[in-house]
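Following: one structure in structure tokens, then a few remarks.
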Ligand SMILES: O=c1ccn([C@@H]2O[C@H](COP(=O)(O)O)[C@@H](O)[C@H]2O)c(=O)[nH]1
């Protein structure tokens, strides 16, 4: 998990994924499968990626009543992904239920997938959070509150922006994962993200892993772009 660069495979279907992955043949990547791809392809896309030896973050952001989340996680555990997630806004009881489901669905002797919780989406600004969610505190306070709740529930870490990662690390310790999307090179377009940061900033903030989607998947040469991203993230010439 530590220092991973996770590629968000936000593609419409499996054949687009296969086309994207062709130049990466022989490399074992850490990839993220989100709603767009999973809702289209279902478990078969996970099997395909696992056959090639890739590590998988299944980013379905579960958010429902505890009983439903528990049962859903029991089913997802059977896919044997490395990382899954929920929304912290679902509450402590729901997060504990997610873990119970994962443990119940993991075969004896195997490690359950790590489970993290989304604090505030990286596409959310403080203004939006105050006015639309009616949360009357700073965005950082809200993220830190959700992160503490997530740790109390026994989960392994959070999804947050790189801007909150150092405070979370300071408060909850370095073993608690901070997985950060919204990462952009200075020249990249920001798109719908609000709380963006460069890979260098994320590294200096002590982030556990970064998630990069469009900057790599929509690049003219995705393999070259991935290598440049790896160098910026690791801070060394590879
Ligand atoms: O707070 C969040 C949680 C998840 N994401 C996901 O990460 C990627 C980011 O893609 P980019 O193209 O690099 O913006 C995407 O799959 C989101 O669903 C997030 O951005 N923020």
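Residue numbers in this text run from 1 along the chain shown.
Yeah, the Cβs are placed from backbone N, Cα and C, and that goes for glycine too.
Proximity of residue 61 (active site, proton donor) to non-local residues of its own chain (separation of 6 or more, Cβ distance below 8 Å) is seen for 35, 85, 86, 87, 118, given in sequence order. When secondary structure is read from DSSP and collapsed to three states, residue 61 (active site, proton donor) falls in the strand class. Per TrEMBL, the feature active site, proton donor maps to 61.
What TrEMBL records for 10, 32, 59-68, 122, 184, 193, 213-214 is substrate binding site.
Taken from TrEMBL, the feature domain 'Orotidine 5'-phosphate decarboxylase' applies to 4-229.
By the rule that a residue counts when its Cβ sits under 6 Å from some atom of ligand 1, the recorded positions 10, 60, 61, 63, 66, 213 yield 10, 213.
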